[in-house]
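A quick write-up on the structure given underneath.
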Amino acid sequence: MVKFYDREISSRLLIGSALYPSPAIMQDAIRESGAAIVTVSLRREAAGGKAGDQFWSLIRELGVTVLPNTAGCRSVREAVTTAKLARELFGTAWIKLEVIADNDTLQPDVVGLVEAATILIKDGFEVFPYCTEDLSVANRLADAGCRVIMPWAAPIGSARGIVSRDALKLLRDRLPDITLVVDAGLGAPSHAAEAMELGYDAVLLNTAIAKAENPVAMARAFRLAVEAGRTGFEAGLMGARDFASPSTPVIGTPFWHAVS
Amino acid sequence: MLVTLNGEQREVQATSVAALMAELDCTGGHYAVALNYDVVPRGKWDATAVNAGDEIEILTPRQGG
């Protein structure tokens, strides 16, 4: 079990609901992933349009907890208003807070992020900030009251895996009481396992599953990788060494002679 | 009167948020409304006036990552 604010959640894999080849595949992939938390967004509805209702029915059938995002927001004002609209629409105080600084890298605007998180927490929100791996930013977010922090592995949708391993490890070491989630940039199940082996509490991903040739099978692969990585972390990994160390006993080696 | 609705200029007849939603056939479903960057809770749609030049956003649930 992993704690997100005051809720105990069974799965350490959080999954997105976008980019799947079809609504049916989205549902099957989410089920196969075992995820209990699914990210969703809010978008403009055309007059008389029912796309929102149709999508919402699919999500409700899954019986999952939703985590609305502020994807696409480029200012504190947009993000704060979008968060409030999400609370109205989805009836949850949870918000995946994104304030985006750059169109090409989708890099978080960390200054705006801290400002928006501070405003929203004072307003009763439980904020899941999407941030960089920068320790000073993570500290500011924790000081603002964020009990979940979600640094990127690499730019959203890039599938590059963990770019700054040492920085992510430092965040884990320095913020032992914060629920840490690697969000964005994971492309392969091994990337998710690596994040879990670093001691991260969970991973959040979307594109790597939705854009796989077989999203349902990939959802299973990520579920198993997250479980393997977490179990490995809990089992206690041995440290890396500079030189070889034989695993087979040396004593009793045949034909062995003491060097004179 | 002319308002900005989901980023586009549009002529509407309604003078309240509730009437506007009916005029746009946005009733019965899942919608959230912002008027000039302030959320208008569903319980206040009737009592909230729409004025010329207002900036209105009507949002629904959608796929997200």
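In case you wondered, yes, glycine gets a Cβ from its N, Cα and C as well.
Because TrEMBL annotations are produced automatically, they should be read as predictions rather than curated entries.
A quick note: this is a predicted structure, and the numbers were derived from the prediction, not measured.
Feature list (source: TrEMBL):
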type	residues	note
ACT_SITE	A:K96	active site, schiff-base intermediate with DXP
BINDING	A:G157, A:A184, A:G185, A:N206, A:T207	1-deoxy-D-xylulose 5-phosphate binding site
DOMAIN	A:4-249	domain 'Thiazole synthase ThiG'
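Sequence features, as recorded in TrEMBL, placed on the structure.
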residue	record	Cβ within 10 Å
A:K96	active site, schiff-base intermediate with DXP	28
A:G157	1-deoxy-D-xylulose 5-phosphate binding site	19
A:A184	1-deoxy-D-xylulose 5-phosphate binding site	25
A:G185	1-deoxy-D-xylulose 5-phosphate binding site	23
A:N206	1-deoxy-D-xylulose 5-phosphate binding site	24
A:T207	1-deoxy-D-xylulose 5-phosphate binding site	19
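Looking at the residues that bind 1-deoxy-D-xylulose 5-phosphate per the record, A:G157, A:A184, A:G185, A:N206, A:T207, the two CA atoms farthest apart are separated by 9 Å. Model confidence over the domain 'Thiazole synthase ThiG' (A:4-249) stands at 96, taken as the mean pLDDT rounded to a whole number. The separation of A:K96 (active site, schiff-base intermediate with DXP) from A:G185 (1-deoxy-D-xylulose 5-phosphate binding site), Cα to Cα, is 16 Å.
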